[in-house]
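Asks: Before I ask anything, here is the structure I am working with.
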Amino acid sequence: MPRLAAAVPLLLSLSGGITASFAFLVRPSPLPRLGTFCCDVARGTTVPATANNAPVVGFGSSSSSSSSSPSSEIDSSNTPPNLRLILDSLSSLKSGSDLRGTYAGHRGCGGTIADVVHLLGEAGRSSATKTTSLLTPFAAHCFGAAFARWLLQSSSPRRPDDDVDDDDDDDAPPVRICVGRDPRPHGERLSDSFARGAEGVGGIVVKYTGLATTPSMYEFVRAGECDAAAMVTASHLPEEKNGIKFFAGNGGLSKADVDDLVKLAQDEARGWYDLGILPPSSGNAGVLCSERVDLMPCYGDTLRRAIIREVGGLTPSSPPDERPLSNLKIVVNPGKGAGCFFADVLRDLGADVSGSIHLEPDGTFPPTFGVPNPEKREMVDETIRACESCDADVGIMFDTDADRAGFVLPRVIDEDGSKSMYEPLNRNRLIALLGVIFSIASPGCTVVTDSTTSEGLNEFLEGKLGLRHFRYLRGYANVIGKAKELTESGEANAEVAIETSGHCAMRENGYVDDGTYTAVKIIGLLARTASSGDGSLLDLISDLNELPFDEEFRIKVTDGLLATTTSIFERVTRSLAERCDSADDWSLDKDNLEGVRVRLSSGGFFMIRQSLHDPVMSMQVECISKEEACEKVLKPLLELLSQHESLDYSALI
């Protein structure tokens, strides 16, 4: 593409009703960085203004020198309301250590800031909570620039083994960012805007790898293909959602890191707001960046070598006709998500994957169960039917970006090898089976889980397997962070960090949250077990105590306010503690680190916790029967919750 050096006319409506026009030039560059001029704006340097070199005042300018702006239109920080709307929207996209929001595309390949303000205003008016968490191409551009600046400001944006003289910035090689996406139709436009924002910062180049999985993005960093990575994905969220996950040399970014990104993105937005226009984009015409690459075959080869290692008896240099999975039938169900490539990896190793379903990436997803999610009953049921139809040894499910996995296994294997009575292997069951694997490979190690795991799992891991079970806060970043902390401090050898949702990271894999690597461990165990004729893998966790009633409920706060949710939750917490002190059938779990967890004298538990991002209280209940749950848990809780206004507890009825 030729360098862009074209003058672009801009009509700016000033508060006094005067219309001015000017032209700006994007300075020539060896790369077609259409957004380069945004760096000058953010750094406060001069940009071309009107023909007489008068100061430029953009649409709704944030400049405090505009005396014609009435004081009612700015807040105490001297920020105009339209700019405040944009800044707050960028902040609202933060979701833990990721960004998440509803996709909204502004018109065409350009436009004005007014287009974004209009989108945000409409979203606020139509939302009961007045939130404006829209992930627009403009927001993606701002966060692309923010990530680039954050990397350049970081003490070690490159890999630790890079030999770079930081004292000579002019000679330092550029920081390389790899951008990938899941199959959602709007992923490419967001990738384009993100890449343009990043490459608008000097010292940055972007590689676009197209369709990829979230764990593969960090593997590309670890393998030296890039210095940092960004994955455009909304994982299991509905089709209209999208988001961005970030990786640098030490893994995924922390919540504090994303706080820094938000501030840098807001700085970028202020510059564009003063100009009154939107940064250029390709619309739906592709991704403009330095290089288009396809790195997924490299990642597939990494998984292939890992499976060979797990099965044993072969080395990566073994002849290609020695395929360790040739005796297995495996159904792969990635739900038309980014994990479709995994079937090819298994096929290359000899597995029969002919019964696999939904192997063509498609962001509209299967009509039968929608966005892939291994916890979704409809996806599990469809995978079971696929396994039954081809007598499969195992079924594997991935979520959209393949950082989570779930499985289906036969309960019964006849003497002739035929299988029947397929059941899901997920939640507590999956953790238990991984515990079996690591109790052999690393006796006495620690398994870190989220807070909602069962009492039976704790008994199985510690009592049956001799492992240490550390129950921590919900959220995969929390669980992984705690595992790293325990291991690095020497307090424990935390081999596995896993949530009941299927998010799983292992020490041997650099604590990367990777559903495909979880599948590697299960397939390796299956191949070893099948060769010895030891029966179903479910037999290995037969001592896991599973109670018949296991349900999760969501109690909504009707006014949609997080402040109300916090106030009610604090009062509910006090009431539950008082109930535990006065009753024999409830006992408070004082070691619990999140929400309130109550053990039941009849067996099982219930746990109530407040959502960090939504006006919701979640409740997990595990009981010996449905009748017991109704009588001993739900009925008393209804009496307690009915004392609080602004609660919708209909889910418990």
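Backbone N, Cα and C define each Cβ position, glycine as well.
Pulled the feature table from TrEMBL, pasting it below:
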type	residues	note
SIGNAL	1-20	signal peptide
REGION	60-80	region 'Disordered'
COMPBIAS	61-80	compositional bias 'Low complexity'
REGION	156-190	region 'Disordered'
COMPBIAS	162-172	compositional bias 'Acidic residues'
DOMAIN	176-260	domain 'Alpha-D-phosphohexomutase alpha/beta/alpha'
COMPBIAS	179-190	compositional bias 'Basic and acidic residues'
DOMAIN	326-408	domain 'Alpha-D-phosphohexomutase alpha/beta/alpha'
DOMAIN	428-532	domain 'Alpha-D-phosphohexomutase alpha/beta/alpha'
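Have a look at these and tell me how they're positioned relative to everything else.
Replies: Look at the compositional bias 'Basic and acidic residues' (179-190): DSSP puts its residues at 4 helix, 3 strand, 5 coil.
Each residue in the domain 'Alpha-D-phosphohexomutase alpha/beta/alpha' (326-408) gets a DSSP state, and the totals come to 25 helix, 16 strand, 42 coil.
Mapped onto DSSP classes, the domain 'Alpha-D-phosphohexomutase alpha/beta/alpha' (428-532) shows 59 helix, 18 strand, 28 coil.
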Asks: Could you give the mean pLDDT over the domain 'Alpha-D-phosphohexomutase alpha/beta/alpha' (326-408), rounded to a whole number?
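Replies: Within the domain 'Alpha-D-phosphohexomutase alpha/beta/alpha' (326-408), the model's average pLDDT equals 97.
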